[in-house]
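Features of the protein shown, as given by TrEMBL:
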- A:12-36: transmembrane segment (TRANSMEM)
- A:74-286: domain 'ABC transmembrane type-1' (DOMAIN)
- A:78-100: transmembrane segment (TRANSMEM)
- A:112-132: transmembrane segment (TRANSMEM)
- A:138-155: transmembrane segment (TRANSMEM)
- A:162-182: transmembrane segment (TRANSMEM)
- A:213-233: transmembrane segment (TRANSMEM)
- A:269-290: transmembrane segment (TRANSMEM)
Amino acid sequence: MKNGWRNSTFKVNFYSWLFLLPSLIFLTIFTFYPILKTIYQSFFQSMQGEHDSVFIGLDNYKYLMEDEVFWEVIKNNIWYALGTVPTSIILAMMMACFVNAKIRAKSWIRTFFFYPTVIPTIAIANIWLFIYTPGYGLINHILSWFGIGSVNFLGQSETVMAAMIVMIVWKQAGYFMIFYLAGLQNIPTNLYEVAKIEGTSAWNTFKTITFPLLMPTTLFVFIISLTNAFKLVDHIIVMTQGGPNNASNLLLYYIYQVAFRFWDKGLASALTVIMLMIMVIIAVIQFFSLDRKIHYS
Amino acid sequence: MASLKFEDIEKNYDDLTVVKDLNLEINDEEFIVFVGPSGCGKSTTLRIIAGLEEISKGNLYIGDKSVNQVEPKDRNVSMVFQNYALFPHLNVYDNIAFGLRARKVPEKEIKELVTNAAGILGIKNLLARKPKELSGGQQQRVALGRSIVRKPEVFLMDEPLSNLDANLKVQMRSEITKLHKELKTTTIYVTHDQIEAMTMADRIVIMKDGVIQQVGTPKEVYNYPNNVFVGKFIGQPAMNFINGILKEDAFIFGEYMLPLPIQQIDFLRNYIGQELILGIRPEDIHYEGDYSLQKSSLNIKVDKVELLGSEAYAYMNVAGEEIISRINPRLDIKSQQNLNFYFDLEWAHFFNPKSKNRLRKTELKNVVNQ
Ligand SMILES: Nc1ncnc2c1ncn2[C@@H]1O[C@H](COP(=O)(O)OP(=O)(O)O)[C@@H](O)[C@H]1O
Ligand SMILES: [Mg+2]
């Protein structure tokens with residue numbers, strides 16, 4: 001009897017592992033191994049093209065702590081996150097509520113809100129490069145009607161970050177709107193009918209029903225947009241190269257620069273480890289603080 | 001508390017007519033049950049009263065006031081939904097207080113009212129819980145609490161018991177009835193379950209395809225169904241219907257002939273020679289009849305017997321139609337036996353096979369207001 005029981009658990013376990021094996025192999029090759037290797041490399045001074053790397057302990061990290069550009073990049077990234085995350089979320093929620101209401105031309109407006117998401121990055125960069133062009137760009141053109149002279153939005157440190165933020169909000173709010181639309185569909189219409197019969201005002205209906213019941217969606221969107229904020233690189237490569245004067249340099253772009261412009265593998269690895277830690281912190285926030293309170297049913 | 005009046009109400013969705021020619025008066029303090037098969041327009045009618053659906057045609061009055069143009073919140077009604085529609089993120093207290101808060105009642109008063117309502121419904125100990133921590137029956141009580149706490153003029157309930165298990169249903173049925181006796185608020189209750197209708201209603205409104213088939217007390221609609229549909233819908237098992245032809249003093253179907261009692265002969269004088277439908281309740285087809293019914297007995301083969309405990313049903317086939325007789329459950333009757341059944345035709349009804357309406361002494365009598 002006992003033997004048989006053991007046998008069958010072994011079998012169950014064996015098959016479970018067998019089914020998991022393919023994904024485990026891929027995870028190991030493309031995720032676990034690179035992470036460990038990166039951490040390992042961050043303790044070495046190894047320039048690309050030189051074969052022997054030298055163990056230097058935490059020197060890469062120490063260097064970063066004193067690196068002005070690194071702190072500039074971190075500061076930029078925090079501003080960038082503060083600029084994009086809440087704005088995208090609020091806009092997405094407003095757009096979804098608007099589109100979800102009984103209005104004419106619903107699907108047109110929905111498409112209109114969503115289409116920035118489906119345009120390829122390079123095309124978006126092009127559109128906004130035109131919008132921001134000094135002299136004859138769209139915004140400067142409009143500004144000229146009011147007698148305001150040409151502004152080079154992407155070319156000066158004071159405006160470049162704001163310009164990037166506006167563009168990214170424009171791009172991702174429509175995408176988040178889709179999640180909010182799904183969230184709204186999940187709220188039973190009966191709840192709104194109760195509010196109607198009981199005479200709850202529109203604003204209170206939003207405050208007491210819609211907003212709290214959208215919290216799971218908001219958490220999801222919050223996490224996505226926060227990680228997005230630390231993952232932006234393509235638009236920077238195309239539009240500003242982190243300039244002027246590192247004013248639009250963000251963490252991932254800095255890693256790219258260090259690794260593939262300065263060819264400093266060790267330092268790039270250390271930066272990557274820091275980036276990984278930021279991601280882990282975000283995941284921990286999701287798991288432990290927010291996740292529990294907001295799932296109702 | 002208020003009376004209600006429906007005047008020629010019609011509801012269309014595009015070209016689909018969902019409710020038609022709705023004329024009805026509901027008295028103050030009355031407990032009215034709308035019953036009918038799924039999709040017949042009961043919920044729509046209820047939502048019309050709440051103001052959640054606009055009327056396509058006609059007038060609705062609550063009290064003396066036409067409410068066609070009145071917002072749901074100003075109709076002073078409250079509604080209990082089939083799925084309870086509790087707010088999942090609010091606890092029981094806040095759920096019950098929801099309507100009071102919307103009406104800006106002071107918190108102190110809210111506390112008193114909520115505690116009071118929770119007391120009536122026996123959920124005082126649950127006030128801090130979230131809906132998902134409650135059983136179906138408890139959630140139902142919370143929904144009722146939210147609805148009674150505001151003391152509206154009309155309660156609307158849309159299949160409030162259909163998600164509960166059988167025992168709880170019976171219990172909640174009597175609790176809702178008790179609640180109505182206490183509060184005396186005009187109640188309009190929707191269900192597809194004829195037992196709920198029979199046990200709870202002051203008057204039943206039977207609907208089919210958006211049209212009222214009959215309005216009456218449970219006794220009236222059970223004993224005098226307006227038409228075949230009502231006879232089939234009210235009563236479990238349904239009334240038996242047998243197609244046949246009327247002769248001078250007997251009803252003929254298949255190889256069978258049922259002699260009619262004197263008063264039926266008299267009543268049916270004008271229909272001699274016509275095809276009719278005989279409607280007779282299972283309890284009026286006896287196996288152990290009294291001797292006076294002797295002459296209206298038929299020898300029929302029993303197909304199967306269904307024992308329910310306190311009662312039993314014998315299923316038989318006559319002239320191509322299945323009929324059911326309620327028999328004494330203690331009898332030892334085997335299927336495929338040939339037995340004598342006594343038809344008590346005094347309570348039988350006859351229906352026009354075309355219109356399916358019950359034959360009446362004066363055909364002019366209004367179908368709805370009997
Ligand atoms: N919003 C709507 N649009 C179109 N048809 C509807 C709508 N609501 C209900 N109906 C239709 O109206 C009929 C009656 O529905 P309902 O009143 O919910 O029936 P019941 O409550 O008696 O089951 C059904 O055929 C249903 O499909
Ligand atoms: Mg319904």
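Cβ coordinates come from backbone N, Cα and C, glycine included.
Bear in mind that TrEMBL entries carry predicted annotations, made automatically and left uncurated.
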Tertiary contacts of the transmembrane segment (A:112-132) (same chain, 6+ residues out, Cβ under 8 Å): 95, 99, 138-139, 153-154, 163, 167, 170-175, 177-178, 234-235, 238-239
Under 8 Å for C-beta pairs, could you tell me which stretch among A:138-155, A:162-182, A:213-233, A:269-290 has the largest tally with the transmembrane segment (A:78-100)? A:162-182
If we skip the immediate neighbours and take only residues 6+ beyond the ends of the transmembrane segment (A:213-233), which ones have a Cβ under 8 Å from one of its Cβ atoms? 77, 80-81, 84-85, 88-89, 92-93, 164, 168, 172, 176, 179-180, 182-184, 186-187, 191, 250-253, 256, 275, 278-279, 282-283, 285-286, 290-291, 294-296
